[in-house]
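See below for the structure under consideration.
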Amino acid sequence: MERITVTLGERSYPITIAAGLFNDPASFWPLTRGDSAMLVTNDRLAPLYLESLCERLTQAGVKVDRVVLPDGEQNKSLTVLDQVFTALLAKSHGRDTTLIALGGGVIGDLAGFAAASYQRGVRFIQAPTTLLSQVDSSVGGKTAVNHSLGKNMIGAFYQPASVVIDLDCLNTLPRRELSSGLAEVIKYGIILDAAFFAWLEDNLEALLALEPQALAYCIRRCCELKADVVAADEREQGQRALLNLGHTYGHAIETHMGYGNWLHGEAVAAGMMMAVRAARRLGQFSDADAERVSALLQRAGLTMSGPAEMAPEDYLPHMMRDKKVIAGRLRLVLPVTLGNAEVRTGVADDMVVASIKDCQA
């Protein structure tokens with residue numbers, strides 16, 4: 001069992017990583033006998049985990065209700081969020097309740113925002129079931145729902161009480177979702193840890209084969225890297241923005257194409273290559289390292305370019321609504337060298353368009 005702490009003073013919390021954690025109600029700290037909880041999941045995961053987890057928590061003396069939401073990024077909306085509030089109110093949950101987010105990034109973001117909002121804030125536990133949510137979205141307290149004009153535009157910074165990562169969940173993960181998660185894994189190597197990037201080059205096939213030791217190390221290292229960044233910059237005023245490598249381009253793809261048509265990691269992978277091409281045009285990040293990034297993303301089953309039906313100019317309106325835009329100036333996360341990145345302010349529109357075209361060639 002691995003345990004990492006996200007250090008945020010009195011709001012610090014543990015990340016626990018092991019196989020079989022969902023079989024042990026004690027994993028869901030700080031829930032104790034006599035507590036009430038609302039388990040939030042989706043209709044794809046409910047048949048796999050819902051009944052057994054509710055039964056184990058009930059046997060441990062926790063009063064558990066549940067709400068099952070429709071699966072998919074297109075359902076990360078205010079309308080679906082209201083279903084969580086309705087379930088909480090219908091079952092008379094008060095400020096002493098705990099929400100359990102059992103699912104991938106959509107459920108984690110949505111249930112976390114529900115917890116931040118319900119009665120001005122209740123406790124919640126992240127129980128991520130996808131690789132992407134285990135290595136990224138469950139850690140750090142970003143919660144949100146989407147708007148038709150932009151991804152994650154309505155939300156709050158709100159930290160969980162704990163993160164419970166059961167490695168066994170990955171055994172039921174579709175291959176496309178696994179590849180999507182690997183995009184976020186590779187991101188950490190590009191922006192923060194060149195040695196980890198090299199480890200990924202050596203161990204990618206083991207990860208794709210769901211080799212337990214490789215997965216455990218990979219997830220632990222990603223969580224360590226993100227925990228350090230969040231501890232230093234919780235509200236994304238500086239270093240934390242680096243975690244958005246590829247996301248400004250990627251969110252444009254997700255929004256333009258309709259939520260759910262491109263998985264988040266698929267869009268981020270394309271966005272990372274666009275950021276790499278922009279960095280090359282600005283005279284940073286070597287051709288050799290750009291080729292290493294491209295090769296690793298391809299081995300992970302990820303695309304190097306955006307949708308064929310999306311013109312380069314289509315990206316710009318979406319990118320200008322990005323949360324990193326300040327005073328009408330676009331800010332892009334760009335790699336400098338492998339393991340290092342920067343936030344570049346005022347990247348010209350023609351440079352953005354050229355970087356997208358470079359990935360279409």
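Cβ coordinates come from backbone N, Cα and C, glycine included.
Of the listed candidates (His247, His256), Swiss-Prot assigns His247 to the same Zn(2+) site as Glu184, His264. In the structure shown, the C-beta of Thr130 has more C-beta neighbours within 10 angstroms than that of any other entry among the binding-site residues Gln74, Thr130, Thr172. The binding-site residues shown are Glu184, His247, His264; of these, the one with its CA atom nearest the CA of Asp71 (NAD(+) binding site) is His264. Listed in chain order, the extra residues whose Cβ falls within 8 Å of the Cβ center of the Zn(2+) site residues Glu184, His247, His264 are Leu132, Asp136, Ser137, Ala183, Lys187, Gly246, Gly250, Gly265, Ala267, Val268. Here is what falls inside 10 Å of the CA of His264 (Zn(2+) binding site) among the binding-site residues Gln74, Gly105, Cys169: Gly105.
There are 27 other Cβ atoms within 10 Å of the Cβ belonging to Glu184 (Zn(2+) binding site). Its Cβ placed at the centre, Gly108 (NAD(+) binding site) has 31 other Cβ atoms within 10 Å.
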